[in-house]
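Chemist: Handing you this structure, nothing more for now.
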Amino acid sequence: MQIKIGEIESKLNNIIEEEGAAYFVLIDPDEKNYREIANHVKDYADAIIIGGSIGIINLDEVTKEIKEITGLPVILFPGNVDGVTKEADAVLFMSLMNSKNTYWNMTAPTLGALTIKKYGLETLPMAYLGIEPISKTAVGFVGEVNEIPQKKPEIAGIYSLSASYFGMRWVYLEAGSGAEYPVNNEMIGVSKKLSGINIIVGGGIRTPEVAYEKVMSGADVIVTGTLTEKDPKAVEEMKKAIKKAGMDKLKMLSKK
């Protein structure tokens with residue numbers, strides 16, 4: 001049996017292969033200025049991910065509107081089973097692998113599976129890993145995360161390898177929205193090397209210079225959210241750094 005990869009995932013893979021890295025902007029549907037954010041990022045992001053850790057109101061309406069404003073692929077990043085809408089293009093079908101609560105490991109995605117099938121949403125199978133300092137953020141609290149210490153990059157690497165053996169094609173190394181500091185470079189590199197699958201990095205990435213470092217270390221996708229909410233115009237410089245790093249990384253890899 002051949003594994004089928006959907007249109008959105010294929011498009012994202014092509015961006016990563018040709019440009020070295022992709023840029024996702026996370027929009028919380030509960031943010032009052034989501035329209036403003038969508039307008040600012042539409043020319044710079046490769047995709048929009050929609051989600052929040054605490055409650056969601058009017059998800060159908062907000063998702064449809066963001067899709068119309070941006071014209072970009074809209075991917076759901078559900079914080080719970082209610083974070084799914086037929087208005088999206090795809091969903092990050094994920095397991096919060098290092099949660100202390102099996103609800104977030106397996107029960108929540110299982111409960112949402114039939115709804116996803118009913119809506120005909122494309123799924124991107126993904127391991128979601130909570131990295132220090134995620135315990136100080138909303139997702140760390142709600143998801144009861146047994147955070148991976150930054151000083152133990154090999155733990156994230158082994159989780160990522162495990163995810164690849166489970167058949168997942170994406171790993172999200174998450175420091176948490178508004179995190180004091182991002183996932184370190186060594187952890188990104190080890191996770192990429194061991195798993196060989198797409199590595200998404202988010203949380204605490206506030207400057208183009210930091211984004212550049214993360215891509216050069218092995219990140220395939222950079223996610224910004226809080227930064228975008230505070231300064232929507234910052235995405236232009238962020239995109240430049242991510243794409244430059246992507247091309248520099250491709251050149252570096254071609255010489256090996």
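The count begins at 1 with the first shown residue.
Backbone N, Cα and C define each Cβ position, glycine as well.
Pulled these features from Swiss-Prot for this protein:
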- Asp28, Ser53: Mg(2+) binding site (BINDING)
- Tyr172, Leu173, Glu174, Ala175, Gly176, Ser177, Gly178, Gly203, Gly204, Gly225, Thr226: sn-glycerol 1-phosphate binding site (BINDING)
Chemist: Out of the binding-site residues Glu174, Gly178, Thr226, give me the one sitting nearest to Asp28 (Mg(2+) binding site) by CA distance.
Modeler: Thr226
Chemist: What is the number of other Cβ atoms found within 10 Å of the Cβ of Gly204 (sn-glycerol 1-phosphate binding site)?
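Modeler: Other Cβ atoms within 10 Å of Gly204 (sn-glycerol 1-phosphate binding site): 23.
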Chemist: Taking DSSP as the reference, which of helix, strand or coil describes Tyr172 (sn-glycerol 1-phosphate binding site)?
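Modeler: The residue in question, Tyr172 (sn-glycerol 1-phosphate binding site), is strand (DSSP, three-state).
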Chemist: Counting other Cβ atoms within 10 Å, pick out the least crowded of the binding-site residues Gly176, Gly178.
Modeler: Gly178
Chemist: Around the Cβ of Glu174 (sn-glycerol 1-phosphate binding site), how many other Cβ atoms lie within 10 Å? Please give the count over every shown protein chain.
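Modeler: Result for Glu174 (sn-glycerol 1-phosphate binding site): 27 other Cβ atoms within 10 Å.
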Chemist: Can you tell me how many other Cβ atoms are located within 10 Å of the Cβ belonging to Thr226 (sn-glycerol 1-phosphate binding site)?
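Modeler: Summing over all protein chains shown, Thr226 (sn-glycerol 1-phosphate binding site) has 19 other Cβ atoms within 10 Å.
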Chemist: Widest Cα span across the sn-glycerol 1-phosphate binders Tyr172, Leu173, Glu174, Ala175, Gly176, Ser177, Gly178, Gly203, Gly204, Gly225, Thr226, in Å?
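Modeler: 17 Å is the greatest Cα spacing among the residues binding sn-glycerol 1-phosphate.
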Chemist: Based on DSSP, name the secondary structure state of Thr226 (sn-glycerol 1-phosphate binding site): helix, strand or coil.
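Modeler: Thr226 (sn-glycerol 1-phosphate binding site) sits in a helix per DSSP.
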Chemist: For Gly178 (sn-glycerol 1-phosphate binding site), what is the secondary structure by DSSP, using just helix, strand and coil?
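Modeler: Assignment for Gly178 (sn-glycerol 1-phosphate binding site) reads coil.
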Chemist: Counting across all protein chains shown, how many other Cβ atoms sit within 10 Å of the Cβ of Tyr172 (sn-glycerol 1-phosphate binding site)?
Modeler: 24
Chemist: With every protein chain in view, what's the tally of Cβ atoms within 10 Å of the Cβ of Asp28 (Mg(2+) binding site), excluding that atom itself?
Modeler: 22
